[in-house]
């Protein structure tokens with residue numbers, strides 16, 4: 001006997017400046033959907049320019065959720081996001097709309113789809129050893145090993161998804177508790193949603209050029225004024241949100257510690273590095289379908305229509 005069908009959600013992911021927001025709005029219009037933000041910085045009020053929030057036109061065209069829900073001095077963890085996003089998704093589905101989750105914060109997306117488990121001490125060393133064994137033995141052998149200690153979890157994992165295989169083995173060996181049991185006890189099913197993940201593929205040089213243009217545009221449209229207003233409102237440079245890319249460098253400039261030229265170069269460099277880290281994270285997930293946008297929009301739309309049918 002099978003259980004109830006899992007709710008279906010579409011995920012749009014990829015590095016910063018790849019065009020996720022624009023694609024999500026186009027898809028929402030075509031699919032009668034609503035958008036759930038999964039960018040950890042766009043959560044914060046008053047941080048609009050430096051986080052490249054959707055434009056007024058984009059937000060007016062399609063309902064958006066989880067934008068501007070916390071002040072910059074309020075931490076908003078992956079667990080907080082998972083809870084808030086789940087509520088938003090439930091509301092979207094009740095209204096007969098299709099949920100489209102868009103963002104580049106990989107940990108937020110992982111928390112939403114699979115829940116979070118705190119890493120016990122010693123996890124890093126064990127993870128490295130398991131990764132070495134996977135290189136020697138192959139993914140299938142590691143999946144079979146997981147099946148022996150956590151068969152429920154193993155049935156939900158594709159052999160190519162080495163990240164989840166190793167995570168399951170890691171938790172079991174360090175705690176003696178199958179990850180599937182932990183997830184169940186803490187309110188997370190092995191799978192919470194049926195998801196289709198579309199990643200926007202951009203050639204590296206083109207991505208870096210987009211980043212350069214975006215940073216120039218942010219500075220030209222008032223990033224420094226935005227940061228100054230936040231500081232004057234009492235949100236100090238020591239806050240985690242104010243240490244994020246664009247804001248940290250702007251705080252240093254406003255304090256007289258760097259020139260405008262140096263500030264611009266630093267924001268561009270740090271954004272490129274962040275994009276590389278995002279790609280490393282998302283490339284480790286074999287379930288993501290990578291397609292170019294806007295070139296492959298018709299193909300993306302076909303995938304989405306088939307998924308929701």
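Just so it is clear, glycine is given a Cβ too, placed from its N, Cα and C backbone atoms.
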Swiss-Prot annotation of region 'Interaction with substrate tRNA' - which of the ranges 35-38, 39-42, 43-46 it falls on: 39-42
Separation of alpha carbons, residue 105 (site 'Interaction with substrate tRNA') and residue 21 (ATP binding site) (Å): 13
Among 20, 127 [recorded positions], residue with fewest other Cβ within 10 Å: 127
Neighbourhood of residue 14 (ATP binding site) by C-beta distance under 8 A, where only residues 6 or more apart in the same chain count: 20, 104, 199, 200, 201, 202, 278, 282
Sequence-distant neighbours of residue 17 (ATP binding site) in its chain (C-beta under 8 A, six or more apart): 52, 207, 210, 211, 214, 271, 275
Among 15, 19, the most crowded of the binding-site residues [Cβ within 10 Å]: 15
Rounded Cα-Cα span from residue 15 (ATP binding site) to residue 127 (site 'Interaction with substrate tRNA'), Å: 25
Extra residues within 8 Å (Cβ to Cβ centroid of 14, 15, 16, 17, 18, 19, 20, 21), ATP: 104, 200, 202
